[in-house]
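Colleague: Pasting the feature list from Swiss-Prot:
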MOD_RES   Met1  N-acetylmethionine
MOD_RES   Lys57  N6-succinyllysine
MOD_RES   Lys112  N6-acetyllysine
MOD_RES   Ser130  phosphoserine
MOD_RES   Lys269  N6-acetyllysine
MOD_RES   Ser382  phosphoserine
Amino acid sequence: MNEEYDVIVLGTGLTECILSGIMSVNGKKVLHMDQNPYYGGESASITPLEDLYKRFKLPGQPPASMGRGRDWNVDLIPKFLMANGQLVKMLLFTEVTRYMDFKVIEGSFVYKGGKIYKVPSTEAEALASSLMGLFEKRRFRKFLVYVANFDEKDPRTFEGVDPKKTSMRDVYKKFDLGQDVIDFTGHSLALYRTDDYLDQPCCETINRIKLYSESLARYGKSPYLYPLYGLGELPQGFARLSAIYGGTYMLNKPIEEIIVQNGKVVGVKSEGEIARCKQLICDPSYVKDRVEKVGQVIRVICILSHPIKNTNDANSCQIIIPQNQVNRKSDIYVCMISFAHNVAAQGKYIAIVSTTVETKEPEKEIRPALELLEPIEQKFVSISDLFVPKDLGTDSQIFISRAYDATTHFETTCDDIKDIYKRMTGSEFDFEEMKRKKNDIYGED
């Protein structure tokens, strides 16, 4: 412990573990500590079920109907991986895929007028969908063809649109798309949580829709993947990688002090010993004075004994409740997985509802989602503060990750990882290396 390291990492959340893995691969000497006795920090998967009851201070033991406690791995933060997204690229680049198996999420659904509809995943499904009328479908198809052909580097594909200036609102107008289709596109395909994007330049939205389409094209049922045994496998996979490249790991280490001299971090004190470092990466829980609260997320873990109604008995799915449908500013999300992913006892389903808190009564805000899940066997409610670092860390060399947001995928987490990497090293995070090792990561069905 009393040694000199290039980088010390505090917390074993996904952001920290990926950065720790990448720094080790890059030849840095890394010490990685966590004050908790388990991996994953805020993004852990809790097992056995008894521990989840304790964590949420529920009295007594889980009932016998819940099956064996150790058959459960319950994610605290519900997220899926976009099949063609940045996290999958990071998994391939680092070959962490060899430690994990994935399944495709069976379907994505959208809420409209109190009912849920499947988000079409093929042209045939789109034509048969009752989400929009026939003429609307034709216009929508034209729009999707435009998006598919759009290439930032080729102005011939712009058709009079300036990707850096034209707003997304104007692009929708160009294709004469109605409000329902706009809601559906912005929230179910581009996966925006609010409507703020409408007046921004259209380039980002078009790229988001492309990511959705390309991810969907990989496996056909939905654009999402999920690891067997839960999301807690992700940080552990990257922690293994770090260890292979010489990183040192210590769990259950109380952090007494982060030592700063002349405004720069020089080490970390734990159990009376000091480990020295040039740079520090940590999550907000280790540096309360260096982060600020920018909002809250409510998450409700629901245990069910049945698949969600109107999902065709899917054993996994995502449901998006667009804000316009329930008079809110931000969308409500439901992520559902089950015993099929080795995260619950036989015949049991886990549905996690999440959204950005907007009122003094967050539990009321998510009622529309809970109604879709009835009957619910057991609920676990958490309201988490969203912390972000107060500064970039370039002066102190203390680089703080952002709290996990309410989105149902890891794209924003990956943006944070790339951003921290750039601030730490001065160079862009480079995916180019990955192309050499590109292979499919889809586990057996």
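Keep in mind that glycine also has a Cβ here, set from the backbone N, Cα and C atoms.
If you look at the structure here, what lies around each of the features I listed?
Modeller: The Cβ neighbour count for Lys57 (N6-succinyllysine), using a 10 Å radius and every protein chain shown, is 7.
Non-local contacts of Lys112 (N6-acetyllysine) by the CB criterion (under 8 A, 6+ apart in sequence, same chain) comprise Leu131, Asp180, Pro322, Gln325.
Long-range Cβ contacts of Ser130 (phosphoserine) within its own chain (separation 6+, distance under 8 Å): Tyr117.
Counting every protein chain shown, 15 other Cβ atoms lie within 10 Å of the Cβ of Lys269 (N6-acetyllysine). A strand conformation is recorded for Lys269 (N6-acetyllysine) in the three-state DSSP classification.
Ser382 (phosphoserine) carries a strand DSSP state (E or B).
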Colleague: According to DSSP, does Lys57 (N6-succinyllysine) fall in a helix, a strand, or coil?
Modeller: coil
Colleague: To the nearest whole angstrom, state the Cα distance for the pair Lys57 (N6-succinyllysine) and Ser382 (phosphoserine).
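Modeller: Cα-Cα distance, Lys57 (N6-succinyllysine) to Ser382 (phosphoserine): 11 Å.
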Colleague: Rounded to a whole angstrom, what is the C-alpha distance between Ser382 (phosphoserine) and Lys269 (N6-acetyllysine)?
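Modeller: Cα-Cα distance, Ser382 (phosphoserine) to Lys269 (N6-acetyllysine): 31 Å.
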